Amino acid sequence: MATTTDKLRNFELPREYYHWFSKESVWGWLFLLPSLLALGLVSVYPLFRGIYLSFFEYDGIADPEFVGLEHYVTILGWTEFWVVMRNTLVWAFAAVVVMALIGLGFAVLLNRDFRGRSVATTLLLLPWAVPFISIALNWRLMYNFELGPLNGFLRMTGITEGLPWIASSRYALFSIMLAWVWRNFPFFMLTFLAGMKGIPGDLYEAARVDGSTKLDQFRHITMPFLQPIAVVMTLLMSLWTLNHFTLIYVMTGGGPGNTSMVLPVYIYERAFHLSEMGLASAIAVVMLIVMMTYGLIYLRLYREDVGGK
Amino acid sequence: MATDTQPDSIPDERTKDGFLALDYEQTQRVKGIGFHALLWSLIAIVLFPVFWMLVVSLNQTGFESFIGDPVGWVAGVDLSGYRQVWYQSDFRYWFRNSLIVSVGATILSVGVCTFGAYSIGRLRYRGRTAVATFLLITQMFPAILLAIPLFLVFRDFGLFNTLTGLVIAYVAFTLPFAIWMLRGFYENLPESLEEAAMIDGSTRFGAVVRVVLPLSAPAIATTAIFTWVLAWNEFVFALVLINDSSRKTLPPGMAEWIGQYALNWDMLMAGALGATIPMLIVFFLLQSYIVKGLAEGVGKS
């Protein structure tokens, strides 16, 4: 809808509308001023100061000492850094794929008429209403070896004596991922559901007359319609996941032995526990490059879906 | 979907002579029951962690003992976890601080973003697409990269360890998302509205305040909810920019319990529920806005 109106506007307007000092332009920038000011002070300025800082040795107290690219050379030759980087990418990629699939499954279930539908939707949305810190504590208990329900259930069925979950190097990252998926699949569920409601019913009608199966209908009608929504949601969710801090910091702190360590937590530890602010900034700049590259490639590939012009 | 493996909804010979000899209506009923059983058991699994949070907050127990002796659990219920949260920790200060910071940031952010979103969504001028793209790009800045310099700046300007500083940080942190959400709404609002007001002699600003703002109240409310949730959940800035325990907000404050009260699960879960209550109130009062906002604002961008 928005894109058609935009196209009309762009074609029918006289040139003077786009003049820098037209009335509309002046109001436009005036209305934007407070937002840009706030973002400039708390987002853009710190960004550049952070990049600047990455070329210095700085403990937060003594005078910063210029070291050039030394930090970057150090990081890139560091096995630990690459382990953390790999964890971060694995965690973001796997989490988003799993939550998109679960969200899609629930959207399919909810996309029909039945009694109690709105109650079901509300209840499934509930994880979203639990703050991260509560989720982190709650799932620490879920995974607790003795008191935790997961191991309790496993022991009752007699499968094992219980798994170490977040305490083991093997399952830690996976366990945190499960909690993160639990919190975020409703996002996908709701947006997919809204998308499915927008699909004209006669398309399915026609497909049924042609004798195609439900799976075919899903693949050739539902999926293409949902693609634009999926694109926007995956982009946002991947960026949020890459940036996420609370669950990992509180559930494992990155352990055991860095097996669940991701970049945000790692950078925090370096900067504020080890007082290596310059080095930490350099790692953060590498993280920035990764996120920007990912984000911009994504935007370029799917420019139309994201609504750019 | 397990129910779909059964023959499709056309009544034919197969279903009648099939293994259970069900007619069309019976097949439909079985399918319906199967569907509801599947859906509601999945919902029960999804909600279980929250249920378990409540159970343990009232009487610390393991899963097997709870199943084995629910009566014993009920008999042992008390509020000692909640009492401990309230009297033996700084929870009450954190809670108050979280409320101050989230509400303050939400009001400021929504005030600022309304005009920004209107500008990008509605007005036509050179550079607005660039600004919209810039907003999306700010979402790609790692929060922790901004937190380090912000800590240094705040320390130099006396904003470190103050709630004011945290509010300022949160306004900027929530702005791009808030503008992005509201923008779509203004794109679809009929243009004749402010034009009529402007023909009557008001300025653009007057038209926006008197005509556009009242009309967009529901959209603004939705944006406010999401901003509030972002602020209530925020961890990195709160951790880096506040030092004193009495000035902390809930997330970094409660994170310290892990080391101190590792075995007091009743207390930990009581606190976890306490931090959830404001979100639950918002959630149940305004759920129709939330569902709409999530479906339209976020999804369609």
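Cβ coordinates come from backbone N, Cα and C, glycine included.
Because TrEMBL annotations are produced automatically, they should be read as predictions rather than curated entries.
Look at TrEMBL and you will find A:26-48, A:89-110, A:122-142, A:162-182, A:221-240, A:246-267, A:279-299 tagged as transmembrane segment. What TrEMBL records for A:85-298 is domain 'ABC transmembrane type-1'.
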In the same chain, residues at least 6 away from the ends of the transmembrane segment (A:122-142) whose Cβ sits under 8 Å of its Cβ atoms read 106, 110, 148-150, 166, 175-176, 178-179, 182-187, 189-190, 246-247, 249-251
Long-range Cβ contacts under 8 Å made by the transmembrane segment (A:246-267), restricted to residues 6 or more beyond its ends, are 80, 83-85, 87-88, 91, 132-133, 135-137, 139-140, 143, 166-170, 172-173, 175-176, 179-180, 280, 283-284, 287
When each of A:26-48, A:89-110, A:221-240, A:279-299 is checked against the transmembrane segment (A:162-182) for Cβ pairs under 8 Å, which one has the most?
A:89-110
